[in-house]
Amino acid sequence: MWRSAARRTAQIRRLLSSSAPPAGAGAAVPGPCIVHKRGNDILHDPWYNKDTAFPMTERDRLGLRGLLPPRVMSFEQQYERFINSYRSLEHNTRGEPDSIVALAKWRILNRLHDRNETLYYRVLIDNIKDFAPIIYTPTVGLVCENYSGLFRRPRGMYFSAKDKGEMMSMIYNWPADKVDMIVVTDGSRILGLGDLGVQGIGIPIGKLDVYVAAAGINPQKVLPIMLDVGTNNEKLLEDKLYLGLRQPRLEGEEYLAVVDEFMEAVHARWPKAVVQFEDFQMKWAFETLQRYRNRFCMFNDDVQGTAGVALAGLLGAVRAQGRPLQDFTNQKIVVVGAGSAGIGVLSMAKQAMLRMPGIHRTGEGHNQFWVLDKDGLITKARKGLDPAVARFARGYGPDEIPDLPEGASLVEVVKKVKPHVLLGLSGVGGIFNEEVLKAMKESDSPRPAVFAMSNPTTKAECTPEDVFKHVGENAIFASGSPFGNVSLGNGKTGFANQANNMYLFPGIGLGALLSGARHISDGMLQAAAECLASYITDNEIRKGILFPEVSSIRHITARVGAAVVRAAVAEDLAEGCCDVGPRELGSMTESERVDYVARKMWYPIYSPLVSDK
Ligand SMILES: NC(=O)c1ccc[n+]([C@@H]2O[C@H](COP(=O)([O-])OP(=O)(O)OC[C@H]3O[C@@H](n4cnc5c(N)ncnc54)[C@H](O)[C@@H]3O)[C@@H](O)[C@H]2O)c1
Ligand SMILES: O=C(O)C[C@H](O)C(=O)O
Ligand SMILES: [Mg+2]
């Protein structure tokens, strides 16, 4: 499997490696269009605005002459100018506190986003490794925390509890005729920062920026949405500047009625749009997923996207030990955090184990997992367990090996279990402390793996420095937010992998869209995870590299998207899209499908705004 995957990877990398402009850029560029706006309306429309790069013909014919300085700049000059001002901002803020620098960087990017989308997305795509930490985790967390103060102009749509009965008409207030991709949150669990109410809108905005950069979704066709059903965050309720509803969160049927109405409105206007649920607290994450997944083309990124990324990492950890993949069924995995993400990971990992040869011996009862939440190890003795969590509860008492009591502490569990993998999705920064990591050194694995997946950086369970220092140089590390690699001396590097659902959600969304999937099945998600797992070569894995560089995110997304399309067609869920039907999608070879997906990606270049005919 891995050899053919490596061959495929090489082929795809060749196919996609001419990066500027990438494969498909030409094909996705719309032909000359006549814009119906004129003058300042064009300059103030970030989609059409070219700032100083409007050629004279367009200045004449669109009423722009005199509204701009006379010199016509090229796109390349504008690009360079922006990058230079970004670099001088970096230089000038050296020594300032991290949060001040991060917010200053976010502001300069946000201003460009507001002004000129073409230039914004080009700098984002070309510099995604540098800019992802600003528009996405960790800075997006800081932006959400300060959103009411930072607010200057709206982006996306806001549906509040006060809009009950109005949503079907409100949805038509959105100016774009076509929307392909929606990311919606209710702000109830923003990263590991808790309930941020309406301020959580920063997350859908950041996720959709990643969609444009990674999946080439046309930014005119994305829609970030906030469902404001109130907040239980006392600090925000008391904050005079807070921009959301100042009321406690709706609960029960009242809550679901708002989400139902919203989903119906979206579906009525854009029946083929893919809806990604993001950062909902656990109870609503699971409830809405069950409620909508067979009715709409939707998925929950925290439950399902995260699961696929973690599974790819877990399989990588098996390969790093030089073991065959089937050995996954013997891996001992300690998961810290039994929330939407933790349970999503456990469910997908368990499904993957059950598919592996030999496992039928033990079947459903096979439990290679030890799961802890805020009350310690979860065992069958725990009262009132959510059924989704109960599946992973350990037995307890002398029959259980090792013998661990209900509520056992993390360090006790790690010492006794000696796990191959310690995976954190707890939202508790630093919980993998020195004692825990030193216990991980006694792991039964020759390459103990520590995944500190909580976001943002302050909530990471540990740092790569901690891991390579306390667990050892042969350890493997991955985190949800980016960290730098660690120099281990003697020219050796300890790799800080980023295990973030950004490696999968863009491909899941794009694949669902291009296949015209009626809904998003487990098979499609599994195909996405397997594709990501096979992206990394054995040589990289040996070095401790489990995930690709963020800079290759478009290549990865093209492959993941193609895998999702293939699975949708195979399961007869595909209805096709853009004149390409399911039969045609199904008859493509794997590399043709990847090529097709890559060609459908939007790429930012200035299009002519007047026809020269
Ligand atoms: N890397 C990624 O791609 C990715 C994806 C999704 C979520 N996350 C991160 O995972 C974290 C959790 O997300 P979630 O949606 O599961 O949240 P959640 O609120 O649903 O679950 C949090 C879980 O952690 C447990 N917990 C809290 N304190 C603990 C402690 N001291 N010890 C052990 N367990 C403890 C809680 O009991 C709960 O089970 C967040 O920080 C989020 O940013 C990362
Ligand atoms: O937003 C991220 O960076 C990943 C994930 O969706 C999270 O909620 O932490
Ligand atoms: Mg999330």
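Using N, Cα and C of the backbone, Cβ positions are placed for all residues, glycine too.
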Which of these, Asn232, Asn233, Asn455, does TrEMBL list as part of the (S)-malate site with Arg189, Asn500?
Asn455
Between Asn500 ((S)-malate binding site) and Asp279 (divalent metal cation binding site), what is the CA-CA distance rounded to a whole number of Å?
14
Return the residues near Asp302 (divalent metal cation binding site), defined as same-chain residues 6+ apart in sequence whose C-beta is under 8 angstroms from its C-beta, sorted by sequence, else 'none'.
Arg189, Phe277, Glu278, Asp279, Phe280, Ala285, Ser340, Ala341, Gly344, Asn501
Distance between Lys207 (active site, proton acceptor) and Tyr136 (active site, proton donor) at the Cα atoms, whole Å?
7
Length of the line joining the Cα atoms of Asn455 ((S)-malate binding site) and Tyr136 (active site, proton donor), in Å:
10
Which recorded positions, if any, among Arg189, Lys207, Glu278, Asp302, Asn500 have a Cβ under 6 Å from ligand 1, given in order along the chain?
Arg189, Asp302, Asn500
Determine, for the divalent metal cation site, the additional residues of the same chain whose CB lies within 8 Å of the mean position of the CB atoms of Glu278, Asp279, Asp302; present them in sequence order.
Thr185, Arg189, Ile203, Phe277, Phe280, Ala285, Asn300, Asp301, Ser340
What does DSSP say about Arg189 ((S)-malate binding site): helix, strand or coil?
coil
